[in-house]
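Some notes on the structure that comes next.
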Amino acid sequence: MKVLILNGPNLDRLGTREPDVYGRTTYADLVEMCEAEGRDLGFEVEVRQTAHEGEMVGWLHEAADASTPVVLNGAAWTHYSIAVRDACSQLTAPLVEVHISNIHQREEFRHHSVISAVASGVIVGLGVEGYLLALRWLSLKK
Ligand code: CA2
């Protein structure tokens, strides 16, 4: 079974700055970790990142049409993109929203997610391991 791991703007900069907030794992490391976890769980995992909202919406439509489970870190879009939320609400398989940092301990504008209400579940503040936990939860739903 395929799982799409979709990442929003700036997540490709992981490991290059703000290590106190996001840790030292690079985006390339994250991709490798997710692919390895996926292999162990018997998933075909594809990790993507974009700073283009329309591209993200297109990927979510692709997942909706193929009933592919999604792990989504919408990054800044989490807090304001109704377009991303509306695309998420059309998904036909589970959606796990992941945030590396604990958005509730940070600036007030990060406390609200427009995605959470349409997600199956949310993992926040557990670092990049949150992605791996999301994959494990999805493996229980197979
Ligand atoms: O904690 C998360 O995973 C966030 O989704 C990350 C977003 C932020 O806007 C959300 O509020 C919470 C930011 C992604 C940018 O990540 C960087 C990592 C390292 C260096 C620069 C940016």
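Quick reminder: no glycine exception, Cβ is built from N, Cα and C everywhere.
Feature annotations, reproduced from TrEMBL:
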ACT_SITE  TYR22  active site, proton acceptor
ACT_SITE  HIS99  active site, proton donor
BINDING   ASN73, HIS79, ASP86, ILE100, SER101, ARG110  substrate binding site
TRANSMEM  114-134  transmembrane segment
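Taking the Cβ of HIS79 (substrate binding site) as centre and 10 Å as the limit, one finds 16 other Cβ atoms among all the protein chains shown.
For the pair HIS79 (substrate binding site) and HIS99 (active site, proton donor), the C-alpha distance works out to 12 angstrom.
Under 8 Å, Cβ to Cβ, and six or more positions away along its own chain, TYR22 (active site, proton acceptor) finds LEU14, GLY15, ILE100, SER101.
When the Cα atoms are compared, ASN73 (substrate binding site) and HIS99 (active site, proton donor) turn out to be 6 Å apart.
ARG110 (substrate binding site) sits 11 Å from HIS99 (active site, proton donor), taking the CA atoms of both as reference points.
Cβ neighbours within 10 Å of SER101 (substrate binding site), excluding its own Cβ and spanning all shown chains: 18. In this structure, the recorded positions that sit close to ligand 1, with a C-beta under 6 angstroms from any of its atoms, are HIS99, SER101, ARG110, chosen from ASP86, HIS99, SER101, ARG110. Distance between Cα atoms for ASP86 (substrate binding site) and the residue listed as 'active site, proton donor': 19 Å, as a whole number.
Counting other Cβ atoms within 10 Å of each Cβ, the recorded positions ASN73, HIS99, ARG110 show the lowest value at ARG110.
When secondary structure is read from DSSP and collapsed to three states, ILE100 (substrate binding site) falls in the coil class. Compared over the binding-site residues ASP86, ILE100, the count of CB atoms lying within 10 A of a residue's CB peaks at ILE100.
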